[in-house]
Amino acid sequence: MAKREYPLERTRNIGIMAHIDAGKTTTTERILYYTGKIHKIGETHDGASQMDFMEQEKERGITIQSAATTAVWHGFFDQFAKTPYRVNIIDTPGHVDFTIEVERALRVLDGAVAVLDGAAGVEPQTETVWRQATTYDVPRIVFVNKMDKLGADFQMSVDSIHERLQVNAEAIQWPIGAEDDFEAVIDLITQEAYYPEDDLGEKWAPREIPEELKELAEEKRNTLIEAVADVDDDLMEKYLEGEDISIEELKAAIRRATLALQFYPVLAGSAYKDKGVQMMLDAVVDYLPGPLDVKPYIANDPKTDEEIDLIADDSKPFAALAFKIMTDPFVGRLTFMRVYTGTLKSGSYVQNTSSDTRERVGRLLQMHATSRTEIEEVFSGDIAAAIGLKNTTTGDSLTDVSHQLILESMEFPEPVIELAIEPKTKADQDKLSNAIQKLAEEDPSFRATTNQETGQTLIAGMGELQLDIMVDRMRREFNVEATVGAPQVAYREAFTKTVQARGFFKRQSGGKGQYGDVYIEFAPNEEGAGFEFEDAIVGGVVPREYIPSVEAGLKDALNAGPLAGFPLVDLKAKLYDGSYHDVDSSEAAFKIAASLALKEAAKTAGAVILEPIMAVDIVAPEDNLGDVMGHVSARRGMIEGQESRGPVLAVKAKVPLSEMFGYATTLRSATQGRGTFQMVFDHYEAVPKNIQEEIIKTNGQED
């Protein structure tokens, strides 16, 4: 029997999260180098990074899928040489199209490192991932990276955390120098300066703090103590009584406050210049939680419906969450899972309580970004990959066969952008179906539908980049040659009034005829509530056996709305009357009658077309404020606020997605390439009348 190598208190499951280009992947790369996982450092801009292992990631220099890897940390000064820590790291994407990957990673992590660009501070996507981490109660430390970059300003970065994230965060280190002069780091807790002794930053030596920075270091240490004392009673008591606070006491208080989500330690460094990463790893060990420090994970017993606390314990029955599915070119389908409690051996059976199927785990793997080690057994608190699970998808619960539990699943957003994809040959058609199925298993925010009338396949997702990459993967990994249409907005349709309508279908053509007759009341439902069907038939005027056909007929009809053929959403339907014929009535006749009732209702129900509205963050030089305001109003947008961020201005707005296509080019030319923007789906809203008429003209339904 395999033995646990690292006790739970020496295990850390962490995520590295940030805005795109803050240097997340490079930071992870250095972690792997310093923990001995790789022997050569790969740079993202050379396309050689270990964590970016998909072709598209290497070409684009961005991280798309959160690769999981395991590293072992012995301490900056080998202080954990005899008791090393296992650190499981999930590198997450910073691009807004892939926030689903971030959500998915945060769900299974215990702690996170938020990486900031030292010249930009908190950026729009930082705010998004920070909010996501807060939702999942994930303790965080902040690593202000790129301190060697032109414009790097540590104080500005710390201030931006206070202003934009509104949290209690203070520096536990201070950089010596910035930009090209960034040379060392002051540890504010120990009041020592650390200087590198070699080019790769492997050896560092403590020195006295330079004379001109001593006063600043003392002042910043006091600021730190005050911030932690504010949320920690033990420290507050000592502080108020004017007692000396030892290094150990301060570190213990920082840990307590960080775990309680009441304080966020801030560190400085430059991953690219090999400075500060090992100190950040020490902070991961010192301040971020192990599996025993987080609040218990809640599961449900499907038999009794009672809630059960899952506490990391190898002696308890096995329970894990499948948080990612990937297709590996060498070993096939991989299921990444986080083990919450119990242990699991390769070759054993698990119960997938989400799909109510029993599955056999063929092999278990410990993952490094592109390589893997086979292991005999996984323990509570581990993150590992399993081979052989055929019916498991993202968000499924995997538990002991004799102790079945359902773990809280994950919610995935509805796609807002779609494009048509046309296979070039019949052989490509089959390959396309296979590719879509595999890619949708890996990324639940990617969907595909087929238009029943035209036979056209539409793929949908959260943004252009995501769909771009999916099409690229279809070509490279599945050899699908296809023609791709321009991106389109995923419009929806909805009723705005409550109406009653009759659907009557009768056909006599010699022999058995067809007869179905229904009266249905249609009413708008709340946004996002979907379709609700109510059977209010009394006295059997529509026999029981035909009622499911009425519901099925309505559901089919919802796929193509009355105005322009977009899906009809958020609708209540109440079947309250009807009639039937002893001989001629059938399921098919009632199905058709239901769809006729919906068609009839659409004439008076005030049907509208809904469009996705995006929350847009535009960052541009102050001189371009007028341009940006003009861009937003020309695109039917609403400005919601603006703030100054050093030399640039950030404008927040709500803009229809249909108006944002091609905006990157407009903004680039207006700001000479200095403006950037990000957008994320916010809500659906009815389009103005004149635009609705244009959309109907373009996509119009034939009566």
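Backbone N, Cα and C atoms are what each Cβ position is placed from, and that goes for glycine too.
On a predicted model such as this, the values are computed, not experimentally measured, just so you know.
So that you can see what the record holds, here are the features copied from Swiss-Prot:
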| type | residues | note |
| --- | --- | --- |
| DOMAIN | 9-292 | domain 'tr-type G' |
| BINDING | 18-25, 91-95, 145-148 | GTP binding site |
Cβ neighbour count (within 10 Å, all chains shown) around M147 (GTP binding site): 29
Count of other CB atoms lying within 10 Å of the CB belonging to T92 (GTP binding site): 29
Reduced DSSP assignment, T92 (GTP binding site): coil
Whole-number mean of pLDDT values that fall within the domain 'tr-type G' (9-292): 83
Local Cβ density at A18 (GTP binding site) - other Cβ atoms counted within 10 Å: 29
